[in-house]
Amino acid sequence: MNTMKRMDCRDLNQSELTQHCAELGLPKFRGRQVFQWVQQKAVQNWEELRNIGAGDRQKLQEGLFLQPLRKVREQIAQDGTRKFLFRCADGETLECVLMDYDRRKNRDRHTVCVSTQIGCAVGCAFCATGLGGWRRNLSPGEILGQVLDITYLMRQEDPDFQVTNIVFMGMGEPLLNYEAVLKAIELLNDPEGQGIGMRRMTISTSGVAPKIRQLAKDNPQVGLAVSLHSAHNTTRDQLIPMNRKYPLEELMEACGDYTTLTNRRITFEIALISGQATLEAAQAVGHLLKGQLAHVNLIPVNPVAGTGMARPTAKEVQQFAQSLESMGIPVSVREEKGTDIDAACGQLRRQLECEQK
């Protein structure tokens, strides 16, 4: 009688799958085959593993489960951005977004913004995700499953579709689900899976200083983006409650340690809000980042019901950027995607929850 705990095959790397197959009485090479089917081809059920006999598939099904996320809703913006609401096995819902960037001379870039938690405990003032509180962490399989299931869906339209970039900027704080995020990165990077280069993945954090240091020591070759939003503790306390635990002084010290250990530039994100995108605010950011290995990404805020925040004018955005550039700070304004479908994280999930009340 098999008393092994049934595991999610999407959580397992090749070595773990090989070991698990051996424990199920299967040849070890089955581990590699299963990994390729699950992680590279993004299969949705065991019957799709065509080079594995029915008897072995039955053993796999008894010892492992393969349970894709179920699409609940999809919204498609005029610019082609797609927002997905998926349901997990326990009934919880999560969001992820597919953004296409046509680079013409190079290959097209297909970026997926993935969630790492159900809800979020950080409670940033301009974010819809935190309005419903934190429910639980996502497993590695649920994190990378967003990429796999989008890939599966898109290959119904284009058999050659391939995700090229990942940003951990969806629902949740990635560094508060640290081990699962790193495992998902490992699996997504495997050349026999999706084969996405680590330099094409970016983790965005609200400022969990100790985990920024740990990330520097563990040194996966991923990008780091820090949600800065203000150079004043009093303002940042209101925008990002995490700042009360890890204030700017501690955050910037951790960022300095990160760049020293990795020699990699950090992207500092500034959400621009009408009435707060002032020249004084820009100059304060410039002084804070002076001498840092840094790039600033300006993000005109998406209006979210329940936050009372509005977008700044184009002139405010331009003046903010020019002020930073005059201080020698590299700056860009985020290319807007999906504004007509509320593509900011948490909005579609919140809409569904409001409808069900």
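Any Cβ shown, glycine's included, is placed from N, Cα and C.
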Further binder of S-adenosyl-L-methionine named by Swiss-Prot next to G172, E173, S227, L228, H229, N302, taken from the candidates S204, S326: S204
C124 ([4Fe-4S] cluster binding site): tally of other CB atoms within 10 A of its CB: 20
Around S204 (S-adenosyl-L-methionine binding site), how many other CB atoms lie within 10 A of its CB? 21
So among the binding-site residues S227, N302, who's got the most Cβ atoms within 10 Å? S227
Largest pairwise Cα distance, Å, within the listed S-adenosyl-L-methionine binders G172, E173, S204, S227, L228, H229, N302? 19
Simplified to three states, DSSP reports G172 (S-adenosyl-L-methionine binding site) as coil
Rounded Cα separation (Å) that holds between C120 ([4Fe-4S] cluster binding site) and N302 (S-adenosyl-L-methionine binding site): 18
